[in-house]
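Novice: Not my notes, these are from Swiss-Prot:
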type     : residues : note
SIGNAL   : 1-17     : signal peptide
LIPID    : Cys18    : N-palmitoyl cysteine
LIPID    : Cys18    : S-diacylglycerol cysteine
REGION   : 198-276  : region 'Disordered'
COMPBIAS : 262-276  : compositional bias 'Low complexity'
DOMAIN   : 285-361  : domain 'SPOR'
Amino acid sequence: MRKQWLGICIAAGMLAACTSDDGQQQTVSVPQPAVCNGPIVEISGADPRFEPLNATANQDYQRDGKSYKIVQDPSRFSQAGLAAIYDAEPGSNLTASGEAFDPTQLTAAHPTLPIPSYARITNLANGRMIVVRINDRGPYGNDRVISLSRAAADRLNTSNNTKVRIDPIIVAQDGSLSGPGMACTTVAKQTYALPAPPDLSGGAGTSSVSGPQGDILPVSNSTLKSEDPTGAPVTSSGFLGAPTTLAPGVLEGSEPTPAPQPVVTAPSTTPATSPAMVTPQAVSQSASGNFMVQVGAVSDQARAQQYQQQLGQKFGVPGRVTQNGAVWRIQLGPFASKAEASTLQQRLQTEAQLQSFITTAQ
């Protein structure tokens with residue numbers, strides 16, 4: 001009888017130990033991934049880019065008797081809980097990624113997300129969202145689920161009692177973004193680099209639309225030689241020597257235009273045939289509506305207008321360039337329905353290999 005009781009006690013102890021280990025591995029209950037039921041929101045923060053995983057910071061580990069398993073599939077991970085704020089001095093500590101800690105960067109520490117990786121952090125109290133780069137482990141020993149740098153906490157306006165939501169952003173090798181953190185979200189590029197303009201010639205053999213691909217360089221006065229002893233502007237054909245027609249999309253300088261030569265005919269038909277103009281038929285078909293298709297954002301207004309005009313001529317739709325802080329958004333539309341905007345999205349993808357998203361006119 002004593003042996004039977006001893007066996008029962010041992011079995012009960014083993015069962016309790018297993019239950020305790022499982023409890024240690026669990027953290028905060030995982031909410032369902034965000035589902036997009038509204039308009040696309042543009043957020044800023046760290047600029048997500050593809051990075052290989054750190055060789056030493058992505059192994060399962062134990063700390064203070066608690067086991068931690070590294071998240072292998074961030075696409076199935078979301079988490080909500082209280083956020084901590086890491087306020088160490090710059091360079092005072094090394095992160096798990098081997099980098100010196102910098103509180104001015106939009107970074108965060110998480111116990112189990114891959115290093116390095118990116119996540120959208122949402123302040124559930126005020127709705128603010130930013131992108132942070134996960135480059136460290138922690139926090140430990142409290143009920144916090146993530147530790148934010150001071151810069152990230154300030155952008156989100158969080159305190160030590162603020163509840164946040166963590167949604168990973170997955171960066172593919174080609175730079176495309178996916179994952180829970182991209183639901184109803186597009187990330188504003190910090191480099192504002194203009195993508196390579198698509199081939200708008202349709203394979204017809206013309207190179208008129210490929211001219212503006214490079215940056216527009218200033219003309220050096222030292223290369224211009226005037227035959228006029230008074231130093232009058234050069235009147236030969238070329239960029240400053242109109243009347244030679246400029247390539248479509250090329251921007252004229254602010255220099256005064258020389259007097260037209262007698263042999264030049266009045267360019268009365270130029271506005272009607274310029275490829276940068278949107279046809280009246282296209283404008284009348286889509287002049288009203290609340291849906292826009294955004295294809296990019298750049299820091300140069302002139303380049304944004306040039307790019308929008310090229311796309312408008314190619315796809316036969318109106319468009320606009322709007323300012324948002326330091327960048328200029330390139331948008332096509334408006335469209336009366338989201339279905340019409342989606343049709344243009346598909347054409348942009350198949351005919352010009354351009355990524356875009358649908359937004360509402362403001």
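Note that the numbers count up from 1, one per residue, in the order the chain is shown.
Cβ from N, Cα, C; glycine included.
It should be emphasised that the depicted structure is a prediction, and the values quoted were computed from it without experimental measurement.
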Novice: Counting by DSSP, what is the helix, strand and coil composition of the domain 'SPOR' (285-361)?
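Specialist: The breakdown for the domain 'SPOR' (285-361) reads 32 helix, 27 strand, 18 coil.
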Novice: Take the domain 'SPOR' (285-361) and average the pLDDT across it for me.
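Specialist: Averaged over the domain 'SPOR' (285-361), the predicted model reaches a pLDDT of 85.
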